[in-house]
Amino acid sequence: MSMYGRDPWGGSLEINAADSATDDDRSRNLNDLDRAALSRPLDETQQSWLLGPAEQKKKKKYVDLGCIIVSRKIFVWTVGSIVAAALLVGLITVIVEAVPRHRHNHTPADNYTLALHKALMFFNAQKSGKLPKHNNVSWRGSSCLSDGKGKQGSFYKDLVGGYYDAGDAIKFHFPASFAMTMLSWSVIEYSAKYEATGELNHVKEIIKWGADYFLKTFNSSSDTINTMVAQVGTGDTSGGSTTPNDHYCWMRPEDIDYERLVTECSHCSDLAAEMAAALASASIVFKDNKAYSQKLVHGARTLFQFARDQRGRYSERGSEAAIFYNSTSYWDEFVWGGAWLYYATGNNSYLQLATNPGIAKHAGAFWGGPDYGVLSWDNKLAGTQLLLSRLRLFLSPGYPYEEILRTFHNQTSIIMCSYLPIFTKFNRTRGGLIELNHGRPQPLQYVVNAAFLATLYSDYLEAADTPGWYCGPNFYSTDIDYILGKNPRKMSYVVGFGNHYPKHVHHRGASIPKNKIRYNCKGGWKWRDTTKPNPNTLVGAMVAGPDRHDGFRDVRTNYNYTEPTIAGNAGLVAALVALSGDKTTGIDKNTIFSAVPPMFPTPPPPPAPWRP
């Protein structure tokens, strides 16, 4: 009888049962033989075969290790097993070290993540009102705590909080609303990436700070309103006015003592619809906090109804907003706000409005123009087209929405290709920066928005496993690389990122030292006009950017080069998080549809009856 085992070195291991007895057992059996029964005497050789050498000593069956006695067989097998295992481990180690590795270059992703941390800090430096204890900007403090107070009979109790727009202390609600919408959109799509970078709670806190303030700017507890606040503070210095205001004076926000005007509006469809988009998108970000999310949704509904009922541009009728943030139309905000309210509520009436061909036509969806495809605080059409293309890619609602959604999808594909150098839609500087604003000042805010849209669209197509309008690989990150320092001047246009960045940022708080000295309205002018670098680093601020010749003047008094804005930084944050981290971590396909009910496409109407 034989048994077959597996030989670890190859082949089978055969064990004969007859050979399984030990030498000692064999000797014992032979000694038991009756030698007298042998028929004849054995010669010396035969005796040696049968009885073995007469003088051979017996092997020891046990090994004495001093503290313990073990079987020799067990000892040999144990030592042998240890030696064999050591040899095997050594062999594996040698093989692993010898095999060539394919190393991925993660430097760009690391740069985007590092820049993201800094870009978010800019919003901490722009906060108005009573600051939280852990704001992490040492040279900032609570400021403008009297905003909106003291007006009897008003629909608001106070207007403390929110964000300062740029290097001044004005709170412009139109671009601020766009900034919060962009941040919320980026969180909805890339929450996993924010989580991976450790910034999810931070960016949500930034959004909530803005949303809480917006709820103060109108009667958010009411279902209907007839007015809202458009702006706090003023900056008009035309005509040589010397009245202290947020542009004439150069003061730290903490030291402001002049009266800050509140601007209200009753016909401001663009502002109201944009703020509705901000609150609706934020409600999706905070959907797990049901009470707060519903409060945001209610405010968004109220604002959007107000926008539809009392038509008009917020920057009309000679308002100061026309000087700084002039709105060219409110139709794009209707589509944009309607889309966000549909995602926040699942109410089909908002989708019907957002996909209404007449409204889309008024918004410029079908006529093009020099700024077609450029997402900005003024024009949201390109963002809306992508946002509604998402609906088609993942839910495919069919009739009666398919035709307009297919149009938006095709337009989005064309817009993404128009960003490429091989097309002539937009010029580029010699250094490679796309001129989305056609060579006008302050170009970077438009570039980062486009980078976000292009990256997000690419991720949509990948998540939907849908072939898109393929224009080339990785075209969307080059302009961000330019901003982070890959440009002719080798300068990073994000403060605090890299070794070479602007040191004379147009920003009151950053340019005046925190030295327990209060500088009055004109007293701060010396800090505005000095050629010395800012005493405080405005970490993460993306400045306005270079000119069309890649030139840049790091001069504090030239805001067209050195002033940052919250709208610009919101686009930067969105683009950076989209590009950061591992590309295998894509978008969150489902969160944005949390409130959307199952869609059962309506069958198209039957054709007209045939008539001979």
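Glycine is treated like the rest: Cβ placed from N, Cα and C.
TrEMBL has this to say about the protein:
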TRANSMEM  74-96  transmembrane segment
DOMAIN    112-576  domain 'Glycoside hydrolase family 9'
ACT_SITE  His506  active site
ACT_SITE  Asp554  active site
ACT_SITE  Glu563  active site
Task = Taking the Cβ of His506 (active site) as the centre, count every other Cβ atom within 10 Å, in any protein chain shown.
result = 26
Query = If you count the C-beta atoms lying within 10 Å of each candidate's C-beta, which of the active-site residues Asp554, Glu563 ends up with the smallest number?
reply = Asp554
Ask   = How far is it from Glu563 (active site) to Asp554 (active site), counting Cα to Cα, in Å?
value = 10
Message = Cα-Cα, whole number of Å: Asp554 (active site) versus His506 (active site)?
response = 9
